[in-house]
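Asks: Input: one structure, supplied below.
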Amino acid sequence: MAPKAIIAPSILSADFAQLGADCARTMDQGADWLHVDIMDGHFVPNITFGAPVVAKIRKHVDRPAEKHGRGTFDCHMMIAEPKKWVREFQKAGCDLYCFHYEAAFSSAAESPEAKTTDARTNPKDLVRYIHDCGLLAGVALKPMTGVDVLTELLESPDPKERPDMILIMTVEPGFGGQKFMASELPKVQALRKKYPDLNIEVDGGLGPGTIDQAADAGANVIVAGSAVFGAQDPAEVISLLRSSVEKASAQL
Ligand SMILES: O=C(CO)[C@H](O)[C@H](O)COP(=O)(O)O
Ligand SMILES: [Fe+2]
């Protein structure tokens, strides 16, 4: 049995002119978490918003009392310099800081400190730093990146270096409303087989037509933007996504 089903609507598809109200509404419609897409125009070819906006929307959604609890702000950091923004986002009300493995790796390679032993320029030390800042840590993989890169993190003897969640992208990051890439699901399957208790999130193109494949592969944290915010009845879509994960999880 996989960890509990968590439905995290992506507010990328909300109305940015009334984000607070849209976030509060999606929570009332049954969402567990809010998936907050941060894009910087460098790591991805699109820009969304930064920490000041997150701080404003935080006022509309209660902070979870527990780790992974209802109202978790799951910040998907599609940014070139993930280590630089951890503190700002923690202060703004982020609960889970999910950085891209590819960004941490390349910012380490490009950084002038790369030749030194700066503790925060590689994925393992970035996970530790996020934990030291009091946040949950997530690591996201783009479609071209294989899951083998995660072994060192997930099997670290030090719990501070182990991520709380892995995000497998099922579209190229940057835009909502793209077509689901089923080709990414073997990555989910491989992780679930090896780590039965791991929170595995999928993001991109998820909705009523694709959820069963993702749930059967072992994903338990489901991001859905256009499928929720574009629905006639968002509560019904959230409930359908949850049932699919719960059904698949009982059979794992
Ligand atoms: O990270 C993202 C894009 O980079 C979004 O979270 C994702 O695409 C959600 O949108 P949709 O469900 O419409 O595909
Ligand atoms: Fe996302």
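Each Cβ is built from the backbone N, Cα and C atoms, and glycine gets one as well.
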Asks: TrEMBL records Ser10, Gly174, Phe175, Gly176, Gly177, Gly205, Gly225, Ser226 as substrate-binding residues. Which of His68, His76 is assigned to the same site?
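Replies: Candidate listed by TrEMBL for the same site: His76.
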Asks: Looking at the divalent metal cation binding annotation from TrEMBL, with His35, Asp37, His76 already listed, which candidate in Asp197, Asp203, Asp212 is the matching residue?
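Replies: Between Asp197, Asp203, Asp212, TrEMBL records just one in the divalent metal cation site with His35, Asp37, His76, namely Asp203.
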Asks: Select the closest residue to Ser10 (substrate binding site) from the following recorded positions, measuring between CA atoms: His35, Asp37, Asp203.
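Replies: Checked the recorded positions His35, Asp37, Asp203; minimum Cα distance to Ser10 (substrate binding site) goes to His35.
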Asks: Could you check what DSSP calls Ser226 (substrate binding site) once collapsed to helix, strand or coil?
Replies: helix
Asks: Among Asp37, Asp203, all listed as active-site residues, which has the most CB atoms within 10 Å of its CB?
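Replies: Counting every other Cβ within 10 Å of each candidate, the maximum falls on Asp203.
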Asks: When you measure from each Cβ to the nearest atom of ligand 2, which of the binding-site residues Gly174, Gly176, Gly205 fall under 6 angstroms?
Replies: none
Asks: If you count other C-beta atoms within 10 angstroms, which of the binding-site residues Gly174, Gly176, Gly205 is the most crowded?
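Replies: Result of the Cβ crowding comparison: Gly205.
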Asks: Between the Cα atoms of Asp37 (active site, proton acceptor) and Gly176 (substrate binding site), find the distance and write it as a whole number of Å.
Replies: 10
